[in-house]
Each structure stands twice: as C-alpha cells, then as structure tokens.
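Feature annotation from TrEMBL assigns NADP(+) binding site to B:LEU9, B:GLY10, B:PHE11, B:GLY12, B:THR13, B:VAL14, B:GLY15, B:SER16. Marked as NADPH binding site by TrEMBL: B:LYS105. Here TrEMBL flags B:GLU190 as L-homoserine binding site. The feature active site, proton donor is assigned by TrEMBL to B:LYS205. What TrEMBL lists as domain 'ACT' is B:349-423.
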Protein chains: 2
Amino acid sequence: MESIKIGLLGFGTVGSGVYSILEDNKDKIESHIQKKLEIKKILVRDIGKQRNVDVPKALFTTDAADVINDPEIGIIVELMGGIETAGGYIKAAIANKKHIVTANKALIATQGDEIYKLACENGVELRYEASVGGGIPIINTLTQSLSANNVDEVCGIINGTTNFILTQMDEQGMEFEEALKLAQDRGFAEADPTSDIEGEDVAFKLAILIEVAFGIKLSPYDIPREGITKISKRDIEFARELGYKIKLVAAARRKGNSLEYHVQPSFLPLANPLASVNNEFNAVLVRGNAVGELLLYGKGAGSTPTGSAVLGDILEISKIMGTDYKAGAPLRNENKGFQLEGEGVSAYYVHMSAKDKPGVLGRITSAFGRYEVSLRSVIQRSRAEDTVPLVFITHETERARLDSALKEIELSNDVSKIESVLRVEKK
Amino acid sequence: MESIKIGLLGFGTVGSGVYSILEDNKDKIESHIQKKLEIKKILVRDIGKQRNVDVPKALFTTDAADVINDPEIGIIVELMGGIETAGGYIKAAIANKKHIVTANKALIATQGDEIYKLACENGVELRYEASVGGGIPIINTLTQSLSANNVDEVCGIINGTTNFILTQMDEQGMEFEEALKLAQDRGFAEADPTSDIEGEDVAFKLAILIEVAFGIKLSPYDIPREGITKISKRDIEFARELGYKIKLVAAARRKGNSLEYHVQPSFLPLANPLASVNNEFNAVLVRGNAVGELLLYGKGAGSTPTGSAVLGDILEISKIMGTDYKAGAPLRNENKGFQLEGEGVSAYYVHMSAKDKPGVLGRITSAFGRYEVSLRSVIQRSRAEDTVPLVFITHETERARLDSALKEIELSNDVSKIESVLRVEKK
C-alpha cells in the first residue's frame, strides 16, 4: 500500500489531536483512502517538553527545514498559529511542491489569497477547514455541498472561549472577570485572552467565511467588531427579562447588491437556534437561495474535534495525490459587484445609568427623537441609589445615528454613564 | 468554456428544483466550476403536462434511450424514484460511461452496492447526497469531513412528512388522521402516504446512513421499524406532561463491537437537540470518536433544498470530469466485524387502557416484574368511564421481554387495550 508522508509544523493542542487520531483510527483511515498515512517529522520549539501523547523523539525537530525540505514529505500541516513565521514556512513548502493543510485563521484571513495563488502556480492543494468552527465542516459545506447556491447569509457563534464565558455569566450569574478566570482554569481561554475576548479571532474567521460564501476579499481589520469585555451580569439579566440571550455573533448578510457584516455581542431571541448554543460549542447558520436555512452545530475547538477537521483535509488531499485533478481552494474574489456596507442597520439595546431626578426620561427620549432613533421599549428600575439603570430597545437604525444621540445624552447632566450598546437580532 | 451536458430522468418536484436553480444561479455555478452546465434532455411521462417552470418543449422526451444513449450527455441525474425502472436506466447509463447522480433512497438502500460496483468497473462516479436529508449535506460530511472518525452514533429526524404530522398533532392538538390530511393539503404528504407514515422511507435512509457511517451493508427490511399511525393525541399529551416530545427517530449506535439500529417513534427529552426540530425540517446528529457531537439541521425535502444537494453532486462530478481522479462512493462494507443487534435495549413508554377496578395496578406491575421489566414511573388518571388510561415508563429493557409482559397483561381481564409502546431516549 502506498504511504503518504506528512510533516507537522507545531505540536500543541491540535497537533497532538491529529497525532492521536491517526494512531487510534489507523484502520478506518487506511481503509478509507487505501493508502498509509505517516507523520514523518514534527517541528517543535522544545524537543524535551513533556507531552500528553507518546511520540517517538526521533520525529521531533527544531529546524523547520527538516520538515519543509524533506523530499519524502508530501503534505505539510501547519498548526503553529501566528502570521509571519507560519506564512513563511508555508510559502517555502509550497515552493517545494508540498500540499498544505492549515488551521491558521489569522494567516488565511490576511494572506489567504496570496498563498492560494502560490499554491495554484505550484500545482498543490491548500485546505483550511479547521480554521473556522473547529470540527464543524463549514468550509466543505459552503464550497461543495452548497456550491450551487447564492448565499444570502452566514451567521454564527464561532469562538468557544467567549461563548463559554457568556454561558457561565448567564448560568452561574458571574461577572465577566470571574468567568474569564474560570475559562482560563478550564483551558478554554489562553493566558493572554485578548484576541478571543476582543473579537479579533472571530473577525479572522468571519473574513474567511465571507470570502468562501460570497467570494469577497475583505480585510478582517475592516470588519466592524466589538468584544465581550464590557458586558456585565446586569446586561445578561436584562436580556433574560426581555426574552433574549447575549451571544458574540459573527454575521454577513447580502441585502440586494450590498453586503453587511459585523462581529458584535448581540441580543438573540430565545427562538433563534443560535441562542441555545452554549459553552465551548459553536454553530453556523447558512441561508442559501436554494437550500434555505442550514445549521451546523458542534465543537468549535479542542484537540480532537479540530484534529478531525485537519485530518478530513489531509485525507481528501491524500485521495487526489498522484492524479491530475486539482480540487482548488474555495472560490475567492468572485462576486466583484458587491457594495460593502459595514454593519448596516439594526435594532439596539442601550443600557445607561441615569440620574434619579424628574424629567430625565423625557429629555433622553427627546434626544433619541432628534436623531430619528425610535424606541421599541424602555425599562426603568427604581433603586435606592443616586443613579437608576435605564434600558432602551430601539427600532432599526443606523449605528452612526444612535452613536450621535448617545453622545449628546452622555454630555447632558442626566446620565452618568452609557453602560453598554448591543445589537438586537430580529429572530 | 467547456460545456457539460446533463440528462434528467424524471421531472417532478426535485427535477424542477434542479432546473430552476441552474437557471437562477447560472453565474455562480459557472464561476465555481469554470465550465458551463446544460440540461440537454429530460425524460418525462407526459410532454404536454402543465409545469410550474418554463422549459423548452424540445428538451422533453418520453423515451429513456434519448437521454441514456445521448453521446453528448456526461451526467445522468435520476429523480424518478422507484426501484426497478430507475435501477435499469441507471445501469444502462453506467454501461454507457455516464456519471450518475441520484436522489433515490429506495434504490441506493437496496441496490447501492451493485450499482457502485458497476460504476467502479466503468470508471464513472456515483453520488447520492440528496437521498438522505434533502438539502442537509450528511453524506458529504460523513464521507469527507469526518472520514478520519470512527463513528459511534448516527441519529436523526429524516422524514419531513411524519415530522410535520407529529408537530401539528403537538402544536394544534390534532389527532393523526387530521394532521395527515393537513400534510396532504399542504403538499407535505403524498396521496398514498404509506411509505412515509409506516417508516419505510426512513428505513431506506437509515440503511444508507449505516453503510456510509459504519461501512455495514444492511437490508432496509432488516431494520426494526414502526410508523407513526398508532400515535394518538393522548400519547402526545402524556409526553408533554412528562417533559418529552414524540419524534420519529432513526438511530444507529455502536456499542463495543455491536451495532444497534431502529426506526421508531420515540420520546425525546426536551434537552435533546432533535426535540426542537419541527415541521418539515430534518436534523442528523453524528457522534464521531474525534469530532464529538455534530448536528446538521435544515430542510429535509422540497424542490430547491433537495435540488441544492443534487447540484452539489453534479458540480463535484463536473470538476473532476476530464481528469484521471475517481472520487469513489462512500466506503461500503468495510467493518466486517460488527455484531448486528437490532434495536438493543431501551427504556419504553407504555400506554394502556385498564379496567377501573381494585387491584389492577398491582397485578399489572407484578406482571412486569415477572419478566424483569422494572418501572421508572407510573401515571394513573381517574376518568368517568369504565376504563382508565395507565402510563408506564420502564427502565432499560429488551423489547422482547417487554413484549412478553405486555402479551400476558393484554390477555388478562384487567386491560382492555395496549394503546401504544414507544421508545424513550435518555437525552
């Protein structure tokens, strides 16, 4: 039986998942592709490091060239993360005619086009299912099963760390800092959680989804985004009272010839299927003009779920190796006619601390009115303090209009602080 | 641009969906595969029939040979349904070196192996994503994205007709016959609904899923199955009272080296994600040993959702046409070591009409005890009639044991009728 040799760049959580799946499911894998798969070299920083999988020391190297330049290795699997070094290794590997599998969302979101072009020129495959949604096959679904659809919407919860934190805040009544600490203790958040909690990780993933679903190349840094650090226990309580869950939502929606997109913590009505996606689970909803609504739900992170997606890619490449077929990467830069609209219009939840004195509510609602922000509902709570929480749900409005109204309101003497402004999804 | 010619066999709901998607999404499709797709011939029974898509009459023929033997046609898409005639056409088309796409679950479940073998011998592709779950990409997911997993469970709601009926019974308080009538009026059930409501359609689909997920060839007629015709409004009310929904569930589960499988109306706890799948929607849950739990949810039937799946297959074949790559069908008959266990053990819901006289409950529970069927809960209702409804939820037991107990109970003078016996899923 032919044997395909693989080189791994990086051996953290996902790398060890890939290794252990290959060991545990060897029979299934070989029977499926009718070839043997063998990990020949693994690039690591520290060969002596204690690891939770049992790997022959001889496989490890600290020199990337040992992996990238090995003539026997046919597929390079990049699981290091980061942009510059990983990108350099991948480009060098492509020049050596190696096929590439990567889980690197930052790299694909920022340099995916360039790398794909290089892959085409060198006649090799580039696959990155694991870069979005962990074990959820969203890239394959968009590029193969739904390839005859014009996509109208992609909307999802695609970051397990923030979803774990929001779930804990909701279910355990924790404040953000406490839930973040728990996430770190449980291994769901990194020591430096910035990229996750500020929404950067989600923006990388959304940029990839937008390119795959709509054929539009968009810098992840041009996606309007907001993290979850400002969300308080009280916001979550108000959401519950109003019949919503707060989730960090990534969405891109076609409206006629425009595309709206954002990464923002949002109020989701309980009937929305994404509202019940909890903890480290992820889900992506796709609306195609032929298939209608399709939802994929599963583990968005972790060693073997993400490893499963990496191996799915490896196996597909293994099957076509030795033939003259090129599967090609997902369509890229295809629909050139789109207007890019940013976050578009939405209803919003606004939570502010107001002074407890007569006429305040009237003056605030008048200020909204001056900017043509109309209100759907208002909650006012009395408290035994100088300030009272005021909560508004607006009708659909442009964010800029809302922000102008809030600026005026914040400058007045009536409000001590705008606590939070969150998107409200319709259904 | 190269043009690929397609022949359709059958032009009902799905056929016209395929046709209209090809028209509406022509630009997207051509840009994706960099080839043109053209429907060249369509086999129909009646050329003059009024149709809801606008098709040039010249495309229609009543002679299958015009489609199957056309040397220009590269892909035959079979959407007739039925086994004998459709199977004959497909085999003839394969002999003519045509690639095959079909939505025909009855045919694939019964003759899939034979047809696949023929396709391999003739060097053509055979794809059937649309045969299970309509627009839901469950076959692609199992065969590609999850190909490195050993699957432990496949469990789903994969018949829109019965799910629509059960949802209406639950939400509108209808009896079965009334809900069936509504389903027929709405086009969700056929004039002869037997195959759907008796679970045959689901058994075909489950046989396909079992082969794709576990590599086991099983006759659909060897799957223990039960339809939904005996379910009453009262069963649904009892389910609600106990915190369950009744759904027609198809499941196959690996237990060690055994496989258990069944098609049965089941009590699903509300926390089970399948419990909230309503009306014509379908969902399939897969548990893989690497990916964990993965759920796919979408429209399980209908013109363009199913057409979307058919076109996904057509596009994948179009991409590999002209290369020496063979994608091959899903793995078949691979894990030969499995014990086939049928439905295995389960908890059950038993609803019976008992005589309203002293000692009845004691004698019935003793009868259960004699067959070692232990009970988790009992509901007894008083009614102003001669008989009272008695409901039992058992602990896990073999079905044969339960049936023996029920036989004894039914023969006694205490019970006038065993109304229904339904599976109870754990979570």
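Placed from the backbone N, Cα and C atoms, the Cβ positions cover glycine too.
Heads up, TrEMBL stuff is auto-annotated, nobody curated it.
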Pick out which of the binding-site residues B:THR13, B:SER16 has the most other Cβ atoms within 10 Å of its own Cβ.
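Selected residue: B:SER16.
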Specify all same-chain residues, apart from the site residues B:LEU9, B:GLY10, B:PHE11, B:GLY12, B:THR13, B:VAL14, B:GLY15, B:SER16, whose Cβ lies within 8 angstroms of the center of the Cβ atoms of the NADP(+) site, ordered by sequence.
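Sorted by sequence, the hits are B:LEU8, B:GLY17, B:VAL18, B:LEU79, B:MET80.
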Which whole-number value in Å describes the distance between the Cα atoms of the residue listed as 'L-homoserine binding site' and B:THR13 (NADP(+) binding site)?
12
Taking every residue in the domain 'ACT' (B:349-423), what is their average pLDDT?
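Taking every residue in the domain 'ACT' (B:349-423) and averaging pLDDT yields 92.
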In Å, rounded, how far does the Cα of B:LEU9 (NADP(+) binding site) sit from the Cα of B:LYS205 (active site, proton donor)?
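Per the Cα atoms, B:LEU9 (NADP(+) binding site) and B:LYS205 (active site, proton donor) stand 21 Å apart.
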Around the Cβ of B:GLY10 (NADP(+) binding site), how many other Cβ atoms lie within 10 Å? Please give the count over every shown protein chain.
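Its Cβ has 22 other Cβ atoms within 10 Å.
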Any idea what the Cα distance is from B:GLY15 (NADP(+) binding site) over to the residue listed as 'NADPH binding site', rounded to a whole Å?
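Rounded to a whole number, the Cα-Cα distance is 15 Å.
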Neighbour count, 10 Å Cβ-Cβ cut-off, for B:VAL14 (NADP(+) binding site): what number do you get?
26
Could you tell me how many residues in the domain 'ACT' (B:349-423) are helical, how many are strand and how many are coil under DSSP?
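Helix, strand, coil within the domain 'ACT' (B:349-423): 24 helix, 32 strand, 19 coil.
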Between B:GLY12, B:GLY15, which of the binding-site residues has its C-beta surrounded by the fewest other C-beta atoms within 10 Å?
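Least crowded of the binding-site residues B:GLY12, B:GLY15, by Cβ count within 10 Å, is B:GLY12.
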